[in-house]
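One structure is given here, and the rest of the page talks about it.
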Amino acid sequence: MEPGYTMEDIAPIAVLMDELRSEDVQLRLNAIHSIPTIALALGPDRARDELVPFLQDSVDDEDEVLLALAKELGRNFEEYIGGKQFAHVLLGPLENLSAVEETLVRDKAAESIAKIAEVLSTPQIEEFYIPLLKRLSQGEWFTSRTSSAALYPPVYHKVSWSIQEDLRKGFAALGADDTPMVRRAAAKWLGPFVKNLSKQHVLSDGLPIYRRLQSDDQDSVRLLTVEDLIVIAKQLTPPEVKEQLLKQIRHSIADKSWRVRYMAATHFNELAEAVGTELVREELIGQYVQLLKDNEAEVRTAAAGQIPGFSKLLEKEVILARIVPCVRDLSHDASQHVRAALANHISGLAPLLGRDATIEHLLPLFLHLLKDEFPDVRLNVISKLETVNGVIDIELLSDSLLPAIIELAEDKSWRVRQAIIEYIPLLATQLGKPFFDEQLGNLCMSWLGDTVFSIRESATINLKKLTEVFGVDWAKVQIVPKVMGMGQHPNYLYRMTTVQAITTIAPSLNLAIVQAEIIGPLLQLAEDPIPNIRFNVAKSLEILATTYGNTTEGREFVRKSIVPVLEQQKTDSDADVRYFAARALQKASADMLG
């Protein structure tokens, strides 16, 4: 042991070293996660002089452990080593991690380096960060060059003019690298890098890098340049966009690889907003129609998702002449995914077209999609009816809505049934009470007897929401008698559903209804032969006591009707019933005293 150090001083590092050498990956992971605690125990000086160099040497490990290390060092770790003025010390271990083989580790290391860059001063950046960036950018292995692309944007605005010039040259070299992985990283980070450049340098340096990458022979590089195009377009005036970028826009949208066209379709609205209205009218409408008619279903799906956003930039006449015919074609598309995407977004056209044009052009398409054989298409139309309801009267759709809802309600996939249940309160609001009672009331009750527990649970939540939509008086007539009637059913699942429905709905009702309609049948179920039902009754009584036990009348009701039954259940033969009855009594007593 070195003179001047006690055993306590050396212990944390020694333990860490032992654990990092352990055969057990989990132990090594735990050791990495405890680095902040160890740094705290060592104090800033020793954390800097011993812990960081030790970590710098421990890069030969499982990817999972290295990923944890890269994360920890980016979590304000400079606080443990003496503050911002020493933050550059952390760059050493992270530089090593930036060059490893595993992409996840490299990406996390680069992200942590970028976080550290935020707290470094300009002298620290120029003395420590820029040399690191140069080493990585010119590294022999493509892994370090790939990582370096992410490290240019965070510091560009912090350094002197001459270093900025070096950075632009360094980034251009990455864009022309021999390895596709490096060019891909350059394409990914070009947008964030260009955001920092002056207009002059966007034109002199940013554009040439972009053009080179946009015409790369690898589609995995070209597809990443779509977002770069948007960033550059935002920094130029519309005439400059027309002069400098029009050719590239056309190339991306008509690229021979569907993956590039897919990216163009996915980001089309952002591109349209970036290039300005004139270019949208002259050029992009035609390009957009081309994407909506693309021969790949994935591209048409992505383009369909942009319909309302792009149409907002157009005159109503243009939407009717150019977009609506494409929408009509898409509603008959051979791909169910395209039709589902259209169904999800078509309603966004209604506010743009207004009542008459919506009735004439969109209503037939809504009705057609509501009859689609694929449940997701029908669900997507129903889920977006709110937008349509603001423009046309939803009753125009109700004849087709009802069969679509009933089909979805009886779909063999329980997830589809669950999704339609969740839209019922929204539909109820729009369709109104008479239509709901006549057409959908029985349907909502039938879900309470579904074979799948999740559906029964969703159905009780649905009834609670409907009570909030239509009011307590409606619930007293339409819901409560039917729910309580199920409590007499020979099948215990129905009786269980009654208890669970009461527990869910009761807080939305009032004391008069609970006293008149609910408490009698519920107390009968407290003696049910099935223990599961008895302890759920105890839970339900607890909810009733806590909901209504805060008024004089409510306290009297709890004392007379609820407490005696819970006292009786406390001596039940089943342990669960005794437990829930005791818990409910405790709550009820506390509320009554309160």
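We number each residue from 1, going along the chain as drawn.
Every residue, even glycine, has its Cβ placed from backbone N, Cα and C.
Annotated features, as they stand in TrEMBL:
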DOMAIN    365-519  domain 'Phosphatase 2A Regulatory Subunit A helical'
REPEAT    90-128  repeat 'HEAT'
REPEAT    206-244  repeat 'HEAT'
REPEAT    245-283  repeat 'HEAT'
REPEAT    284-322  repeat 'HEAT'
REPEAT    323-361  repeat 'HEAT'
REPEAT    362-400  repeat 'HEAT'
REPEAT    401-439  repeat 'HEAT'
REPEAT    518-556  repeat 'HEAT'
REPEAT    562-594  repeat 'HEAT'
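In terms of DSSP secondary structure, the repeat 'HEAT' (245-283) contains 33 helix, 0 strand, 6 coil. Break the repeat 'HEAT' (284-322) down by DSSP state and the numbers are 29 helix, 0 strand, 10 coil. Taken together, the residues of the repeat 'HEAT' (362-400) have an average pLDDT of 79. Counting same-chain residues at least six beyond the ends of the repeat 'HEAT' (562-594), those with a Cβ under 8 angstroms from any Cβ of the stretch are 519, 523, 526, 531, 534-535, 537-539, 541-542, 544-546, 549-550, 555. Helix, strand and coil counts from DSSP across the repeat 'HEAT' (90-128) read 32 helix, 0 strand, 7 coil. Sequence-distant neighbours of the repeat 'HEAT' (401-439) (same chain, 6+ residues past either end, Cβ-Cβ under 8 Å): 370-371, 375-376, 378-379, 381-383, 385-386, 389, 394-395, 446-447, 450, 452, 454-455, 458-459, 462, 465-466, 468-470, 474, 478.
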